[in-house]
Amino acid sequence: AWFWNERFWLPHNVTWADLKNTEEATFPQAEDLYLAFPLAFCIFMVRLIFERFVAKPCAIALNIQANGPQIAPPNAILEKVFTAITKHPDEKRLEGLSKQLDWDVRSIQRWFRQRRNQEKPSTLTRFCESMWRFSFYLYVFTYGVRFLKKTPWLWNTRHCWYNYPYQPLTTDLHYYYILELSFYWSLMFSQFTDIKRKDFGIMFLHHLVCIFLITFSYVNNMARVGTLVLCLHDSADALLEAAKMANYAKFQKMCDLLFVMFAVVFITTRLGIFPLWVLNTTLFESWEIVGPYPSWWVFNLLLLLIQGLNCFWSYLIVKIACKAVSRGKAGKWNPLHVSKDDRSDIESSSDEEDSEPPGKNPHTATTTNGTSGTNGYLLTGSCSMDD
């Protein structure tokens, strides 16, 4: 009873009894959300089938190999240090291991580099994951656009609040919401087995906030404005995954073009349209038409948190683009060239891909997973932002 307190969830003088389903109208019910859990499992199983029977053959057709990085030679002492103590030994430990094994320090550094790279997924694995996400994001964004263009609140956001909360739930809106919620639940669980990225904590927070927002807005029937938030944030995701696929397939010009398109769409929608269109209606139009109440404050707080994440990721994209432009000016005027020196800022794996030992030119060396020094480092950092 305390959790479902009407004074928190609903506007003044509205009760849960007012929002019970009738023969004339259907309203969102909290128990509807239980359907998301079996659907999340189904989405995960569909993903496994898709990656195995659709994405993998496509990757092979594009000559993307499953070969991983060079395997480190077996060594029980170094393996014990790697697994139990540190993956990045300092100079003092390297000297101690050098004396113990009668190896030179450079050979030990090379062993640890190979051993770290050994744990990274192959390019084929990365391609399959990106192709799955691209396919889902493209489908859900297309569905969202087709659904929203028939609704009055897309063209006039004040319709999100007229007659609120007595707005009936349509079949299309229900399907859209449950599908999005199921997908985010599947991401919450699959991210522990997916390719681990440096922004794992940020993405975990993002998925958690999205689940809270979807659940919250469904329960108190803010689903109309919720569909605007969902569709707007889905708009750039397919471009991002397409750019990563082009990167893994070594289609450099396509990769660069798709990244530019992604950056423009991402920054325009997240820093322009979202605050000026969506936040304007949730903060000001709703205040004018409905008035604030406790869950209204929580909902807007979550939206502002999402906007904070949008600003953070936009900063990373701009930072990467500025580095790319400066590199291009120093070289062949390739505006999207990012050298291996920038990997610490933009690499997507949990460990940065290690540079070659001194004496090798990092700009001519080929990186692990079959990605060239020019191709893809622009993508792999910001590309861990799967929104």
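Just so it is clear, glycine is given a Cβ too, placed from its N, Cα and C backbone atoms.
Automatic, uncurated: that is what TrEMBL annotation is.
Over in TrEMBL, the protein carries these features:
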- 80-123: DNA-binding region (DNA_BIND)
- 364-387: compositional bias 'Low complexity' (COMPBIAS)
- 78-122: domain 'Homeobox' (DOMAIN)
- 125-326: domain 'TLC' (DOMAIN)
- 339-387: region 'Disordered' (REGION)
- 33-50: transmembrane segment (TRANSMEM)
- 175-193: transmembrane segment (TRANSMEM)
- 200-219: transmembrane segment (TRANSMEM)
- 255-277: transmembrane segment (TRANSMEM)
- 297-318: transmembrane segment (TRANSMEM)
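With a cut-off of 8 Å between Cβ atoms, the residues of this chain six or more beyond the transmembrane segment (33-50) that come close are 131-132, 135-136, 178-179, 181-183, 185-186, 189-190, 215, 218-219.
For the DNA-binding region (80-123), residue counts in helix, strand and coil come to 31 helix, 0 strand, 13 coil, using DSSP. In the predicted structure, the DNA-binding region (80-123) carries a mean pLDDT of 89.
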